[in-house]
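Peer 1: Before anything else, here's the structure in question.
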Amino acid sequence: MSCCAPGADINAASGAPSPDELLHAARSLGDGVAQIELSVPAIHCGACIQKLEQALSRLDGVISARVNLSTRRISIRFRQSAPPPIVETLTGLGYPPHLFDEAEGKDRTLAELLRSVAVSGFASGNIMLLSVSVWSGADGATRDLFHWISALIAFPTLLYAGRTFYRSAWQALRAGRMNMDVPIVIGVALAYAMSIYDTLHHGQHAYFDAGVTLLFFLLIGRTFDHLMRDRARSAVLGLARLAPRGAIVLAPDGSRDYRPVNEIETGDRLLIAAGERIPVDARVIGGASDLDCSLVSGESRPQPVGPASTVRAGTLNLTGPLTLEASARATDSFLAEMVRMMEAAEGGRTRYRRIADRVSAFYAPVVHLTALVAFIVWLVMGGDWHQALTIAIAVLIITCPCALGLAVPIVQVVAARRLIERGVMVRDGSAMERLTEIDAVAFDKTGTLTMGQPRLVNAPDIAPDMLLIAAALGGQSRHPLSQAIARHAAAGDAGSDAPPVSFDAVTEVPGFGIEGWRDGSLWRLGRPGWALGQETVDQETVGQATFGQATFGQATFDNDKDAAGAAWFASGSGAMLARDGRECARFAFEDTVRPGAAAAIQALQRTGKSVEILSGDTEAACRDIAGRLDVQQYAAGLLPSGKVARINAMTQAGRKMLMVGDGLNDAPALSAAYASMAPATAADVGRNIADLVFLRDSLEAVPFVIDVSEQAGKLIRQNIALALVYNIIAVPIAFLGLVTPLIAAVAMSGSSILVIANALRLLRSGERSPTAKPDRVPVVGHYPGRYSEGGAT
Amino acid sequence: MSVLVYLIPAALLLGGASLAAFMWAMKSGQYEDLDGAGERILFDDAGPLAPKHGETAR
């Protein structure tokens, strides 16, 4: 079977962009042509490429469609005059698209760095070739010729490949600061000038190779560093997108009028249709419906509302039309408050200074001082400015931090590779440094500790033939409970040779269940009352039946796409299978604990980290799950601000917190925490803000990531120590004037290779523990599009 | 000695050619989708090449 079975991931349809959003996000290319980039996590293989490209190019108005398998994105060009139904087509094929949450254009810096690496690599190879000839005894006219050729190659290279360093050094100097690039630039420029002077005077030593090789090594380090660096990413935009642009306002004279959201005043009456988001905090004055409040509580189980209920901005109206009275303006509403909270948290996050920055801040002045002292000492002692300058340059070159520049990024790149092999995507290299300091871990409940997916629990009590019938019927519905039954049967009877059960005239009754005819009997699977024929499908009953508090065991599940089915399980009695109105079987469900959750929590507690649960769900549900997972501390019923407050309180008490969460309501907490992780199934906003995203189901990713980070931290410290030891040995040699270009070249390459080899040990330590499927994975870096591996198979 | 007159230019030329080839490959978007390129050779109707540099965001 193809891995591309459509509809494999029934949960993925949420958050699909509306046609308006799509048009808004598209870039105009002129001539009425627009281009849109969509992230499609469900893309897996070559067949997906072909299927999507063919389907899209068949649409009217589409000029071209190109799938990028590496980043799992589609780039589509279409005519603005006739926007094609892109989202519908993709969703229909089982590939729900998402808009990018980060306005990330092509990474020009990376392209520039790569080009610089290529140029300096070419130049250093050729100059080294000539230098080796000089070292092995070329002299006289040949040596001069080789020096001149080297100078000719080095000059454009230094200009081109050195740009990154000149720019950064200049910025630092202008701001009155000192960074590592200042000694690099001074060293390289002086070395070049001095070598030209020596070549003119037929000198024996020229440092052309040293200067260019130095740039080459530094650029490699810089490129790795860039790959691991935190992008300027913001989840605020994603959150802000949840705010509708406007709503229909009901004027006192009865006229209806669409108004933008910031013109809605307190007291206005709003009409909200099913499927729309609530624009401002409001009170219900008419109608009854179910709301998806996942933004507020993290629970995606719909909440019934009726007259006099208060509703919050950003929640989604699922089932029925509502008439609201605005109780706050948009800027004072819940959603605006969330956005402000996120902005505050994101602003505070930049405080972390990376190890590499801290080391170089201390290192740069030391290098300068040493070179200066060398110059003065030799000038005073020998009185020969040429010799003094040569030695000062040798000191600058030899202390220039090739090894130091590689020490941190190479370890992070190797660690990121190990993590991605185990299904963890690193979004921010510095997160691995921060993770080593973590001493407390907070988990969200629904969707993080649990799968957020219902599971059939009373299967042994159900007659096998009834289960088969229910599964056959339920398999035709996309309702989460029907799917849970179908899934259970499929897992249990994989090898059974029972004839497939088939139904005629299967119809799904939104809000009640699914029914079908078989052997002259009417079978119904759904709400007990409806299955027994006591309730009839009637719009009024839907309203009344859904009203009232839903208590559904611990079961909570992701249902915001299946709006119509909400009423069914909100009644709280599970599902029933009935034949001609007689009960045949009852089904009970509960939420599954995420695999590896207990092991992960034990592992964390064993290493002395405190674990707690921060949930927006009810106290009873939290107590149950805390008991099952042996977690002592939990806080229930928290609003997003409550989670942030809890994390801030811990931070003020000197604790470093790792937040693991998936819901929209966790987003502010994720950004407030010292480090953050989210499962790949998380809401877009949460996935964007988290430092790390784990793609597989198992929560054991959490201790694994901490473990790898600690190993990486150890290697980083070793590498920095190695680089310093190298300097302690090399600087006196340079200071004594014993360094020739040959020694400089050997020392520089030697220390860099040592540091790289040390970093690669991280890969070897991973081989001892069995690694699961190291299939096609990106080697390094930041792949925002890749997050679906755990979800769809 | 005289052998250097053509050997050195030859070495530089060859190195320069490979550098130019790399630059061209990067510019023409051949590093944009490393996974997809491997799959696309299996299709019968090869689609257009990757969009040119500067015309599409990654």
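We count from 1, first residue shown onward.
Heads up, the Cβ atoms here are built off N, Cα and C, so glycines get one too.
Note: TrEMBL annotation is automatic and uncurated.
Keep in mind the model is a prediction, meaning the values are calculated, not measured.
What TrEMBL shows for this protein is this:
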type: DOMAIN; residues: A:34-98; note: domain 'HMA'
type: TRANSMEM; residues: A:113-133; note: transmembrane segment
type: TRANSMEM; residues: A:145-162; note: transmembrane segment
type: TRANSMEM; residues: A:182-200; note: transmembrane segment
type: TRANSMEM; residues: A:206-224; note: transmembrane segment
type: TRANSMEM; residues: A:361-381; note: transmembrane segment
type: TRANSMEM; residues: A:387-415; note: transmembrane segment
type: TRANSMEM; residues: A:719-736; note: transmembrane segment
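Can you tell me where each of these features sits in this structure?
Peer 2: Non-local neighbours of the transmembrane segment (A:361-381) in the same chain are 178-180, 182-183, 187, 387-389, 391-393, 395-396, 399-401, 404, 731, 734-735, 737; each lies 6+ residues outside the stretch with a CB under 8 Å from one of its CB atoms.
For the transmembrane segment (A:387-415), the residues of the chain that approach it from at least six positions outside its boundaries are 180, 183-184, 186-188, 190-191, 194, 205, 207, 210-211, 214, 217-218, 220-222, 224-225, 227-228, 354-356, 359-360, 363, 367, 370-372, 374-376, 378-379, 426, 429, 432, 708-709, 711-712, 715-716, 719-720, 722-723, 726-727, 730-731, 733-735, 737, 739, 744, 747-748, 751-752, 754-756, 759-760, 762-763, 779-781, judged by C-beta separation under 8 angstroms.
With a threshold of 8 Å between CB atoms, the same-chain residues lying at least 6 positions outside the transmembrane segment (A:719-736) that come near it are 355, 359, 370, 374, 391, 394-395, 398-399, 401, 403-404, 406-408, 410-411, 743, 747, 750-751, 754-755, 758-759.
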Peer 1: Looking only at residues six or more beyond either end of the transmembrane segment (A:145-162), which have a C-beta under 8 A from one in the stretch?
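Peer 2: That would be 116-117, 119-120, 122-123, 126-127, 130-131, 133-134, 138, 185, 188-189, 192, 195-196, 198-199, 206, 208-209, 211-212, 215-216, 219.
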Peer 1: Per DSSP, what is the residue tally for the domain 'HMA' (A:34-98) in helix, strand and coil?
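Peer 2: Split into helix, strand and coil, the domain 'HMA' (A:34-98) gives 20 helix, 21 strand, 24 coil.
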Peer 1: Mean pLDDT for the domain 'HMA' (A:34-98), rounded to an integer?
Peer 2: 83
